[in-house]
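Now, the feature entries from Swiss-Prot:
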ACT_SITE  E259  active site, proton acceptor
BINDING   D226, E260, H357  Zn(2+) 2 binding site
COMPBIAS  17-48  compositional bias 'Polar residues'
COMPBIAS  604-613  compositional bias 'Polar residues'
CARBOHYD  N170  N-linked glycosylation site
CARBOHYD  N200  N-linked glycosylation site
CARBOHYD  N490  N-linked glycosylation site
CARBOHYD  N675  N-linked glycosylation site
CARBOHYD  N815  N-linked glycosylation site
CARBOHYD  N858  N-linked glycosylation site
CARBOHYD  N892  N-linked glycosylation site
REGION    17-59  region 'Disordered'
REGION    604-626  region 'Disordered'
SITE      Y356  site 'Transition state stabilizer'
TOPO_DOM  1-80  topological domain 'Cytoplasmic'
TOPO_DOM  447-461  topological domain 'Cytoplasmic'
TOPO_DOM  513-529  topological domain 'Cytoplasmic'
TOPO_DOM  586-643  topological domain 'Cytoplasmic'
TOPO_DOM  709-712  topological domain 'Cytoplasmic'
TRANSMEM  81-101  transmembrane segment
TRANSMEM  426-446  transmembrane segment
TRANSMEM  462-482  transmembrane segment
TRANSMEM  492-512  transmembrane segment
TRANSMEM  530-550  transmembrane segment
TRANSMEM  565-585  transmembrane segment
TRANSMEM  644-664  transmembrane segment
TRANSMEM  688-708  transmembrane segment
TRANSMEM  713-733  transmembrane segment
Amino acid sequence: MRAAGCGGTGVAALTTKLSRSISQHQPKSMPQASVNSEQNPSVPNSPSAHKPARSQSAQSAPSRAKWFVRFFRSVFGYRKTSLTFLVALVFAATLLLSWADSSLDFSVDMPTSKHEQAVLSRSWESLQKIARTKHTYTSEGNDEVHAYLEAHIASLVAKKPYMELDTDKNGTRRVMFDVKYLSYDSVSYYESNNLVVRVNGSDSSLPALLVSAHYDSVPTSYGVTDDGMGVASMLGLLEHYSSVAQPKRTIIFNFNNNEEFGLYGAQAFLAHPWFSQIAYFLNLEGTGAGGKAILFRGTDYGIVRHFSSVRFPFASSLFQQGFNNRLIHSETDYSVYIKAGLRGLDLAFYKPRDIYHTTRDSIQNTNIKSLWHMLSSSLDFVEHVSSQTIDLDEEVHAEAGKRDLALYTSFWNHFVVFSVSQVVSANIALLVVVPVASLLLLFIIFRCNKGWGFNFVNAIKYPLSLVASVLVLTFVSQVIIVPSNPFLVNSSIGLLVATLFSLFLLLNYIVLNGLNLVFKSFKGHQHDEKLIVMCESSFLTWILLLWSTVKLSHNKFGDDHTGELFIPILFSLQAVACFLGFLGWCFKPSKKVKVSREEHQPLLSSNGSNYGTQDDDDSLAPSSSLSLQSGFSENCEVHETKSFSYDWLVQFLVIVPISSLIIFNSGSLILNGLNKSIQESLSAQNLIYKFIQIFVIVWSIPFLPFIFKLNRIIVLALSLVLLYGFFAVNITDAFNDANPLKLRFLETISMDTSPPTNLVTVSARSMDVVKDILEDMPSLKDSKTELSIDSLGDGMSLYSYETPLIPHLVPGVKNLTDYLSIDVLKDSSSVSDSPFGLLTGELKINVPRNRNCKIDFNMSNTVIKVSDTKFMESKRSPVRTVIVYNEDKYENKSSSVIGAGVPEGFSRDSKGNSVFKDMDGISQLQLNKLNWDKPYHIGFQWVPEIVESESVWSEKIRTKKLGVNIECYWGDLDQLAEKDKAGNPVVQDRVPAFEELLHYSPSYVSWANRDRGMVSVTKYIEV
């Protein structure tokens, strides 16, 4: 029996055989046989006519067979109802699985062993004590945390003879180094008080493993996530190793200080004598507030693959790519260790950034399960590396440039990692094999005349739809959404993604089906259009894969592509689905001569070959290479069989579920890590909206081959989401209690005026709401002070006003002028050097109860003379050498110390003074000391006018004067207890202006520090 149509293929052969088998075993009805016998005497009567009547059960067998086939086809055929059900199921599964993967409740189990429970309990108790008060480096709370840690660590170390503690007491370990990262470009002097613990291993020949975290916080934060969690995890590790057998490998713990404003503690540790033992490291950090700890970065594939030993791995090299390409504007101690040649990992909390560095980074906004996730990951990794010899031990001294970077990801506690070379090799294979195999199959299809009516109209529909939809999506995003509510992503990133995703799918649905209506009379215009869309999507992914492969093969810092592991996976899924379609056409019988309709008969029913409901929504698709109705018109050639195929189902299951999950999971991970950075700059805002558009487009592509058959229910649902989204965009608050507006505060007292000015500055995005909040402060309204707004560029503004609220930073200090005084011990007029020689300056800076000052050397006085006699401002500082004296000596023969014999970089003179020389110029000197009351005593040498190579340096006006600006910071926010004149105790806020802002700001505002402290005092002098 032959059937009319163009739709059968080889993939559906089993279905065809099933239909034939049922047809062959189906009994003929008695009346029909009699009629045939009577009408055609030449045909003998059917034997069945002489057989006794069948039983009722035998007669119902055909009905049961027909019912089974109908059910099978109605469920698995290419019908709108079936497709709609699967699409809805994929959406639900994607959202649910992605949420569960990032959820602590569903992906992390609490410890079950008594030992781990005890370790976690003590670690949580330690975290509570660390976070009892704010403890920035410039606060007394920092000393309290240091004292607690030292006592607790000492008690643990005492339990084992092979454990030892080293403390940098009283600033005995003094270092100087240049700090050049992010916005920092300075030379720093630092007195370390790190707490360093060594757990000596049984095999001293093995290189040591470093575990590092910092115990300081920013002035406005309790430092729970940043970085109390890391410190508590390290205490948990020490607790563990103080109660188990000696590890094979030595483990060194660096509890370092003052990370927040220059990574000082980690940098100082490089000078520690134990550092030379170390080859590997694990850095514990927090750039968010709670949640799950994610593997941010890894130095290379060799060390990253050992992260598979972790029981609850949570990782994505997308963050590594973001860090390496400077999309994330923060740094961790990881960067110090990697520059020192170590190999290791950066494990950190990553969201949300609007709570990060604010008072909301507290115990109440985290939980013990977050701590357990970081602690368990640290415990597993450290135990794995320290308990055995690993393969990396043989290549400890391998050059960093020769190490292969890693691409990695995780899902539901399964960790996957590949090296760059492995991915590049696999990508090249895919780039070559897939096109060759596809062309071979296409050659067979067209060479053997399989009847695929591919033409220009088929090819152009999808690109037209894609381009038109992208243009409309961009217009809606940039012209409608951004102007109406630009900061919406801060609070409602899901709403925005859902709205734009619905819009993009609907646009493609309308355009593609609209083109089908326009070309309805065109022969073959719908011939297997889903396969054509798959092929074109596969081609686009192939181009993306080619670009990614080229970039990966030349991967470098600043142009990193190690987060693109998903690209070859998505391309492979697209390619497999296309192969299925091509194979179906290859096994399809060749075209035959058209025969009359009367020669054909339905397989199972005289009513037609289309089973199931005849409603348009549930009709079997006529647009599949393997569909039940692949003929488009009566002019279509006839084939040997008509197969009721289900290739669409296989293709759907190959492409859509996995692709949707990978794309959504990766995209949501990035957005959750970046969306709060919209408050940090206009460029960050543009980046986020651009990424949302890319995310929506990429997430839609797996669904587009099947967009033609979307049920009206899905279309209605998408329309409702779109309408609600457009409505909600205009009424949803960008900032609320859960997603606060983040403002940054600094109060600056300038000694350059008389009386001193007391100025509050607040930095934030340029928006009216900030102005309204500040102008509503009682002190502004009472003093009738005018708010000044200055642009900082990149969408940021500086809001400033003079405040009558005087800070109380130090007990006993009543006058603002007592906070900073400068003694000039030596200036340019005190030496007889020629204008072309080095001039020397020496200062004593007196500041009570202070730990941090910054000195900027004025570059505006220095010009460079070029050959065309024009003058231009030099960006180089005239200062070449700085010295920090250990003792408070006012008469120091610095000229004999600072001379031509001083080496570049950091050195110490014969008296132990710290010297740093940089012939490129020193524009800023950061001073960090541990003694609260000791003055700063510094010296420096500069070049007022000198010939170096082709450049001539000279002063603009004051040939022998150097501008020096001193700014000192206080960061303590605890209340100050004093006694009044009558001897009664009086408690005062240290920074009343900040407390006023905290008290009167709306609940949707969170406050952070602008700089190294909450209050700074400045003074400008010339020497």
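Any Cβ shown, glycine's included, is placed from N, Cα and C.
Counting residues per DSSP class in helix, strand and coil order gives 2 helix, 0 strand, 2 coil for the topological domain 'Cytoplasmic' (709-712). In sequence order, H214, D216, D227, G265, A266, T332, D333 make up the list of same-chain residues 6 or more apart from the residue listed as 'active site, proton acceptor' whose Cβ falls under 8 Å from its Cβ. Among the recorded positions listed here, namely N200, D226, Y356, N490, N815, N490 has its C-alpha nearest to that of N675 (N-linked glycosylation site).
Using the rule of three or more Cβ pairs under 8 Å, pairs at least 6 apart in sequence, the transmembrane segment (644-664) is not in contact with the transmembrane segment (713-733).
When the Cα of N490 (N-linked glycosylation site) is compared against those of the binding-site residues D226, E260, H357, the shortest separation belongs to H357.
Geometry remark: N858 (N-linked glycosylation site) versus H357 (Zn(2+) 2 binding site), CA distance 31 Å.
The recorded positions close to D226 (Zn(2+) 2 binding site), defined as a CA atom within 10 A of its CA, are Y356 out of N200, Y356, N815. Ranking 462-482, 492-512, 565-585, 713-733 by CB pairs under 8 A with the transmembrane segment (426-446) puts 565-585 at the top.
For the pair Y356 (site 'Transition state stabilizer') and E260 (Zn(2+) 2 binding site), the C-alpha distance works out to 12 angstrom. The transmembrane segment (688-708) shares more Cβ pairs under 8 Å with 492-512 than with any other stretch in the list 81-101, 462-482, 492-512, 530-550, 565-585. Taking a C-beta cut-off of under 8 Å and a sequence gap of six or more, H357 (Zn(2+) 2 binding site) has these contacts in its own chain: V218, T220, S221, D226, A1008, N1009.
The stretches the transmembrane segment (492-512) and the transmembrane segment (713-733) meet in space: the count of Cβ pairs below 8 angstroms, excluding pairs fewer than 6 apart in sequence, reaches at least three.
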